[in-house]
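Engineer: Handing you this structure, nothing more for now.
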Amino acid sequence: MDAMAAGKMIQGVQTAFQMLSILKLTDSMYPPQADIITFPCYDVIVIGGGTAGCVVASRLAEDRKTQVLLIEAGGFPPFESTLPGLLVYQKNSTADWKYTATDFIAAESCQKNTTEILSLGKVLGGTSTVNYLIYSEGGKKDYDQWGAAANDSNWNGESVLPYFIKSQRLEDPTIEESADGDFYGYDGPIILTKDRTQDAENYLNAFEQSGQIVRDDTNFENPVGFSPAMFNIGNGVRQGTANTYISPMKNYTNFHVLRNALVTKIIFDKSKKAVAVQVTVDGQKFTVKAKLEIILSAGAINSPKVLMFSGIGPKEELKRQGIEVISDLPVGRNLQYQSSTILVFRFTNTRGKPASMDPGQYPATVIAGYVALNKSCDRPDYLALNYINYASFLSLYSKLTYQFPDEVTNDLFSPCGKYRSSDQYQIMFSVLSNLNMKTRGVVSLSSTNFDDQPTINVSKYYQSSDLDNQVKYIQDFFKIVDTPFFKEAGGEFLAPVLEECDGLEKYSTEYWKCYAQCMGSIRPLFGGTTSLGSVVDSRLRVKGVKGLRVVDAGIMTVLPRAVLLGPTVMIGEKAADMIKEDNHL
């Protein structure tokens, strides 16, 4: 499918979904709209019904004596978001904040825009409602780093593992009956399933032939290796935190959800205790009070925004915006993320049907590889997510998910492009992500108007070592082209026309440096902007004030070498226990 056809298809499908939303097919699954005029005061207010916010709010409300209000800027998850087969259409939809980030040193000669369109959920469940359903935890040593940064062993690997287990309901007999089964839970809210297909086995053989470690499962104890991807999908339905944590609470009288509501400020009393929030609903402004605590769970991008508008952040920036400084903290600094490079391979000796178009099934076979360049190391350097399908579907990834120019999409996936692609042959769309980025970004205020999106400055390769390492990852992964499987399957690397790179020696270090910059993307897996140790203490309490905590991916002092859904849910689970303990709930 060429880029124009892909664009029209995306637009047409998203328009149809907007019309379908009139029916409000999922509204009955969730609590009714909160009445903050009748109930203007709660024990606990949670700002942001995202991935972690849904978890912490629901766990606190399990105590029927605790009055909990969850405030979400978006609405309920739309019907299409519940179906794995329709995941590609969530980006830039009504459930998306539609934020953009600027790559402040992007190579201007590359075809790709220096502005990245991010996919961040503006919907109950947050990004867990719109993401690509890949689940992982990271390894024990990731969290040992957190414990060291917080100077608190309660954040080390052994201490956080029980909270992963608490959230999980693994449905995979093979893992359950193995030694790996000890690192999963079986009665938690989120159903986890493995992508076990014959195609997956075939491609795993190729990676094994290239010298990679292949396992049945990568997990908390064994975080390195290639295996069939783990999905947060159960019974053909997305397992986001809205339907797994909030839906079961719909009849709890002590738990209220205020949706399509924007918190613009946290209010403090003279002792710097957080006592209320200012919230806008349908153009009207209200104040809602909290007796015990306010929990900020708006995510690694929006939590800094709310904090800074409330007077918590770098004093120079707050003064520049005319905001009274309540606590001078490095809010919005240390923005962490993963940069990625796309490689596309075609296999002309493969036959068969494209992956199922059943909306209840994942729309591709997926192999997840967590790779350490030094095979004796137990921490991965990069992640290779390999999506195996056919040209017509993968053109949507290229056009919408990774925002490549039409020329690149046509070269790779169009019947009229450079490679005359069709659905006759399998294609592997490989996303190589740096799991140990040295480059950091910044979230700052763009104006004094809360409705304006924050300024998000990122760079794929501000630190030259990040580009050097990305080239090493590409070269390591590219060994697959020399395997017997690759040759027998008629494999070929599909290199789009990149004028900036085509004068360089093919597959040389300089070529791959150029390629990585032109075929790169920022994966919107953000953290670090309200870090443990610098902005919040080990109990997630914001420093310099009282009665306010941050509970979301922003507290990650260093990103775990993983996809962030699992770690973010874990934070919500752990925070809920902390809050209960500190308030004797």
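Just so it is clear, glycine is given a Cβ too, placed from its N, Cα and C backbone atoms.
Pulled the feature table from TrEMBL, pasting it below:
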- Val123, Thr127, Val263: FAD binding site (BINDING)
- 121-144: domain 'Glucose-methanol-choline oxidoreductase N-terminal' (DOMAIN)
- 299-313: domain 'Glucose-methanol-choline oxidoreductase N-terminal' (DOMAIN)
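Could you give the neighbours, burial and distances for every feature on this list?
Structural biologist: For the recorded site, Val263 (FAD binding site), the DSSP three-state label reads strand.
Distant neighbours of the domain 'Glucose-methanol-choline oxidoreductase N-terminal' (121-144): 30, 48-54, 72-78, 81, 84, 87, 90-91, 93, 95-98, 155-161, 164, 183, 192, 218-221, 223-224, 229-233, 238, 240-243, 246, 257, 259, 299, 362, 366, 368, 370, 378-380, 385, 524, 558, 560-563, 565-570; these residues of the same chain sit at least 6 beyond its ends, with a Cβ under 8 Å from one of its Cβ atoms.
DSSP states for the domain 'Glucose-methanol-choline oxidoreductase N-terminal' (299-313), grouped as helix (H, G, I), strand (E, B) and coil, give 11 helix, 2 strand, 2 coil.
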Engineer: Given the binding-site residues Val123, Val263, and counting only Cβ atoms in the protein chains shown, which has the most within 10 Å of its Cβ?
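Structural biologist: Per the Cβ count, the most surrounded site is Val123.
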Engineer: Output, ordered by sequence, the same-chain residues six or more apart from Thr127 (FAD binding site) with a CB under 8 Å from its CB, or 'none'.
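Structural biologist: Result: Gly50, Thr51, Ser119, Leu120, Gly121, Gly299, Pro524, Leu565.
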